Amino acid sequence: MSFERKKFAVIGAGFTGTTTALMIAQKELGDVVLVDTPSMKNPTKGKALDMLEASPVQKFDSSITGTSDYKDIQDADMVIITAGIPRKPGMSRDDLVVTNAKIIKEVSENIVRYAPDSYILVLSNPVDAMTYVCYKETGFPKNRVIGQSGVLDTARFNTFVSQELGVSVEDVSGFVLGGHGDSMVPLVRYSHAGGIPLEKLLSEEQIGSIVERTRKGGGEIVNLLGQGSAYYAPAASLVQMAEAIVKDKNRILPSVAYLEGEYGYENIYLGVPTILGGNGIESIIEIPLTSKEQKALDDSANAVKDVLTLV
Ligand SMILES: NC(=O)C1=CN([C@@H]2O[C@H](COP(=O)(O)OP(=O)(O)OC[C@H]3O[C@@H](n4cnc5c(N)ncnc54)[C@H](O)[C@@H]3O)[C@@H](O)[C@H]2O)C=CC1
Ligand SMILES: O=C([O-])CC(=O)C(=O)O
């Protein structure tokens, strides 16, 4: 018996993929193979080599390689899918569905072929629908196909709360449920700072504007950037989920998870609180909702179902 490093494959060597690859290596979670299309073969190799050359400075021993050949993801322990087009100002994430569904199908085929035992984290948008497509195409068990939205949405919520209160982000703990769209559901009742319910610290008006800004958080960055979408906070969110799984931490984190009756939904991927550990999604946590909260979640789930009709 010998100990081996974990192998990560990051599919898509654009903004989110490269940032994720670097963060994985910096944390020494494992070695990283970065994959993009054949037309991007040399830039992908170049990006990977550039990141690797940071390793002596930053003192990490993870390797990072770039490729356009899926054979190189052989036996990856975890595959992170960031391949696909990002939105432009004026577009919604749902406008990406047709193009990105085709890409996810192609990527999924290659994962089945070369990394059939891997755990998959999906980032590509619209992420609830893309995670569903990946689940159907791979036929992997639901605990191994997971989407990222809630860690990012909660991080945005926590950022805004920390700014408003003038307190450390470390003490703020928000809670966002639902689809990764403008109808996502920040659950104020379950959010706190230093254990104190937010409603005791901020006015209804202040909370209302934080909720609204969180819902439109992705769009705010898209508009500021002018081209492309967010990548630092999305990559950090993916890496937190990956770390919870490869280190078997059993963290309570929101995931885009396949629902079979939880919260009243069937055959859909949606953002819910989960326990993430060595088996991927170990379980889904169901929390009691008021009728107003359930209605907001229903609206969000219905928006995701509408998009699913297009894939
Ligand atoms: N779920 C979430 O919270 C977030 C989702 N996203 C989504 O992630 C996706 C990627 O965003 P960025 O990295 O900023 O875009 P990007 O354009 O910088 O990178 C995407 C990369 O995917 C590659 N690609 C396209 N088709 C491919 C294929 N068949 N196989 C391998 N690679 C392929 C492209 O060549 C490109 O390098 C977008 O769909 C974006 O909307 C981005 C941020 C947060
Ligand atoms: O807004 C976008 O298109 C990218 C994304 O999902 C986010 O940053 O939340």
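Glycine too: its Cβ is placed from the backbone N, Cα and C atoms.
Of the residues Asn100, Asn110, Asn143, TrEMBL places Asn100 in the same NAD(+) site as Gly12, Ala13, Gly14, Phe15, Thr16, Gly17, Asp36, Leu123, Ser124, Asn125.
Fewest Cβ neighbours within 10 Å among the recorded positions Thr16, Asn125, Ser149: that distinction goes to Asn125. If you take the C-beta of Asp36 (NAD(+) binding site) and look for same-chain residues 6 or more apart in sequence within under 8 angstroms, you find Ile11, Gly12, Ala13, Gly14, Gly17, Pro43, Thr44, Gly66, Ser68, Ala83. The Cβ of Gly14 (NAD(+) binding site) has 19 neighbouring Cβ atoms from other residues within 10 Å, across all protein chains displayed. The distance from the Cα of Arg156 (substrate binding site) to the Cα of Leu123 (NAD(+) binding site) comes to 16 Å. Rounded to a whole value, the Cα-Cα separation of Leu123 (NAD(+) binding site) and His180 (active site, proton acceptor) is 11 Å. Looking only at Cα atoms, Asn125 (NAD(+) binding site) sits nearest to Arg93 among the recorded positions Arg87, Arg93, Ser149, His180. Taken residue by residue, the domain 'Lactate/malate dehydrogenase N-terminal' (7-147) breaks down under DSSP into 72 helix, 25 strand, 44 coil.
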